[in-house]
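Features of the protein shown, as given by TrEMBL:
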- 1-24: region 'Disordered' (REGION)
- 40-56: transmembrane segment (TRANSMEM)
- 43-491: domain 'Major facilitator superfamily (MFS) profile' (DOMAIN)
- 91-110: transmembrane segment (TRANSMEM)
- 122-144: transmembrane segment (TRANSMEM)
- 150-167: transmembrane segment (TRANSMEM)
- 179-201: transmembrane segment (TRANSMEM)
- 213-232: transmembrane segment (TRANSMEM)
- 297-323: transmembrane segment (TRANSMEM)
- 335-357: transmembrane segment (TRANSMEM)
- 366-387: transmembrane segment (TRANSMEM)
- 399-426: transmembrane segment (TRANSMEM)
- 438-456: transmembrane segment (TRANSMEM)
- 468-488: transmembrane segment (TRANSMEM)
- 535-573: region 'Disordered' (REGION)
- 539-552: compositional bias 'Basic and acidic residues' (COMPBIAS)
Amino acid sequence: MRLLDRFQGGSPSAAPSNMDAEKNPQTIDKADFKLFRPRILTMGILVSMGGFIFGYDTGQISGFLEIPNFLDRFADQTNIDGSPAFSQGRSGTIVALLSIGTLLDAIIAAPIADRLGRKLSIVFWNIIFCVGVIVQIATTYTWYQIALGRWVASLGVGGLSVLTPMYQSETAPRYVRGALVSCYQLFITLGIFVAYCINYGTESDRSARSWRLPMGIGFIWPTIMAVGIMFMRESPRWEYRKGKTESARNSIALSYGVPISHPEVQRECKEIEEKLEAENAGGGEPKWYEIFTGPRMLYRIILGIGLQALQQLVGANFFFYYGTSIFESVGLPNSYVTSIILGAVNFGTTFPGLYIVEKYGRRPSLIYGALWMFMCFLIFASLGHFALDQQDPTKTQGIGYTMIVFACLFITGFAMTWGPIIWAVVGEIYPSRYRAKCMGLATASNWTWNFLISFFTPYITGAIDYRYGYVFASCCFAGAVIVFFFVCESHGRTLEEIDTMYLLHVNPIKSRKWEPPNGNEIPNVDNLYLTPGARQIKKKEGTGVPSEERRNGVMQQPLTDEGTATEASGAYQ
């Protein structure tokens, strides 16, 4: 029985066997699959290099704002002692233009990825990033050339921020999908840490090499990724949508490390095929508005946008973008060392996050992580506002060190939960037909709030000092509530099963224990993939729709015993 037939209310002609390995993944012997195979490790390292590129670019700009030669060339005002300094507007513009470009490109990258494929798109956006780096390095004393170069580079970062988790989600075996997608965040943290270390090594150099060398090193990462991805397989779900079924089967078999005849490969291919037939019942390319009008799509669009916004609003980038400046203001002798400590904590504690996402699942990790960050930010903000001597922080240096401890505890919670897991969740909740566009829109939300926080933080902290942390604390608490009530547990499920959970309105609170009916039968969901007009057509009990007619977008369904037929187009809406 095809998936579309089940959605139309058809009844299976025979009850499927509980022992059918293709339909019941629980019967698959997990010993068949090796967790740390070279292909999985390569996928985790090479594809996640997109995160490293983003993290490195983020980390280096934080240090540039305090490098003497960079200040001499591009600063627009002076401190009381006559030393050069950036105004809030200029520093905010230089930092935040990265987010503007990534915001735009997160949306542009989706249709390009659908047309060209994931691999070629990844290569293209790496090249764009390199062009942006060249623009920055070539400048001498023109500050807006730095800003413009960061904007061009941000186009590449934005495309990779969509494509990296998308490729991982569509290609990774389901039993390590969460960990592999989370590697994107791991490499973001590694990029930030490496940038902090390089900035620390060059900041004492009084020549332009102090900032040009870190920029030039940035060419290494996109080169590795662009060349390496050409030796990887294309996304099997993209290949299926383009009719390359045999290549897709081979890709899935290689991902699992088993022969193409293995039951798990057959099962996953069958699910992809059935879901694709149901989605394509109306034929043709999906209209742009279908990402809002499709079954349970508006719910998932809002959920994805909200989760990506909250990943920024919990406040991690408050430390990453302005960490050097923040901890210099609390009177510590070398704020670069403090940033390295924060970067090391961020990177090191992301590793346990790869274990947590697969051991405990998405929902508990996000809920407890948000509550932990809520507590840390409350204490950090309270110490900064009520206990720290803001006129002369050296008088209360003990308070400053305590604030750093709670900043590290916050980053630990973020790196183990909301940092990596949000990328995994957003990469899983959308159907293949709309995944690229929906992930682009959700990622654009991430970059929108990234820009707003990075641009307005200097102004807000100047007005309300460390009380700004209370805003982030409230967002952490809101994140825990939203996950509890609206996010379904997707650990250990195929992307097609996750789509089914949202289509069936599975209660998120009970979703961890939800089991798909035998053979993935979908009860009580009639005509779910049809247009509103087609839903009025009552399918005769037990009547199937031939596959060929489905692919042509024509549904010939008998309405009466005499055989009166009606044709209807069924778009996946």
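A Cβ is built for glycine as well, from the same backbone N, Cα and C atoms used for every other residue.
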Beyond the flanks of the transmembrane segment (468-488) by at least 6 residues, Cβ under 8 Å: 303, 306-307, 310, 313-315, 318, 362-363, 366-368, 370-371, 373-374, 377-378, 380-381, 384, 418, 425, 429, 457, 460-461, 498, 501-502, 506, 508-509, 511, 514
Selected stretch (most C-beta pairs under 8 A with the transmembrane segment (366-387)) from 297-323, 335-357, 399-426: 399-426
Contact call for the transmembrane segment (297-323) and the transmembrane segment (399-426): at least 3 Cβ pairs under 8 Å, seq gap 6+: yes
Annotated stretches the transmembrane segment (399-426) and the transmembrane segment (91-110) touching (3 or more Cβ pairs under 8 Å): no
Intrachain neighbours beyond the transmembrane segment (150-167), with Cβ under 8 angstroms and 6 or more residues off its ends: 47-48, 50-51, 53-54, 57, 61, 94, 97-106, 108-110, 112-113, 118-119, 121-122, 124-133, 135-136, 181, 184, 222, 225, 235, 423-424, 426-427, 435-436, 439-440, 443, 446-447
Intrachain residues whose Cβ lies under 8 Å of the transmembrane segment (40-56), provided they are six or more past its termini: 122, 126, 129, 156-157, 160-161, 163-164, 167-168, 171-173, 176, 179-180, 183-195, 218, 221-222, 224-225, 228-229, 232, 255, 257
Per-residue pLDDT averaged over the domain 'Major facilitator superfamily (MFS) profile' (43-491), given as an integer: 84
Closest-packing stretch to the transmembrane segment (91-110), where packing means Cβ pairs under 8 Å, from 122-144, 179-201, 438-456: 438-456
CB contact flag for the transmembrane segment (335-357) and the transmembrane segment (179-201), at least three pairs under 8 A: yes
Same-chain residues near the transmembrane segment (438-456), Cβ under 8 Å, at least 6 residues beyond its ends: 92-93, 95-96, 98-100, 102-104, 106-110, 158, 161-162, 165-166, 291, 297, 300-301, 304-309, 311-313, 315, 317-318, 321, 426-427, 430
